[in-house]
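**Q** Below you'll find the structure I mean.
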């Protein structure tokens, strides 16, 4: 009997030491996560109490559209594509309904069950405490762009898909537009615009681009085929005025303080199981992204068309 009591006391001491070590590591992870979160917020120029101002670097942009009315000439439509940094030990969870997200945020702290099972004893259950907070992103509220039309550049679009590299296609375009019989001249530079399928050609001399732009379209011999390409003026723009305002995501919640006690997939499953339970204030989960401690990620927010 004395040996059994001694063994139980030793086991109790070991469990107590292990518990203290886990709690200490959890506190350290929370501090690291909080510091990283603050640093990231500073980098994003996020200030909820004061007027927001950010320095915006140079960015190549392509504006496409159809103007039906004169009143629409000066209107510009922006499609949000926001990149949101996620520190380790955090998760973003988007619910199907906004009211579910607001309930989760209102509670602030949640005890998440990591070991589910009706037959488990109370001592065998494992729980972690996580914090829930809203997600605030910055969206443009005022945008003014000064446009300049280039005198020596043209924008070439409606390019064919020939199964060749971009560099090879640029070579063929330069060869065609460098010939005076095609209405061109010596090409100074050529460039594919990112994600647009369009090419900017800049000529060495003035007076070459304008006649091509006036034609609007031109048939170009590429390989064994002729293709009609569209010629447009090349516009460059500088941002003259940009003002940002915080905007809160109605259906998304930021979970932080998640300790590194499970693998990535089991932890993601445990979080989703917990927060979809109506008995805990949750609801149907649309998406969930989890970043384990020690890693970083970037979440991309797009326009909510649902």
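Don't overthink the numbers, they just go from 1 along the chain as shown.
Quick reminder: no glycine exception, Cβ is built from N, Cα and C everywhere.
Those TrEMBL annotations? Automatic predictions, nothing curated.
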**Q** Can you identify, from 5-39, 40-74, the stretch that TrEMBL calls coiled coil?
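**A** So the range that TrEMBL calls coiled coil is 5-39.
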**Q** Pop the mean pLDDT for the domain 'NID' (199-286) in here, whole number is fine.
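**A** Over the domain 'NID' (199-286), the predicted model scores a mean pLDDT of 88.
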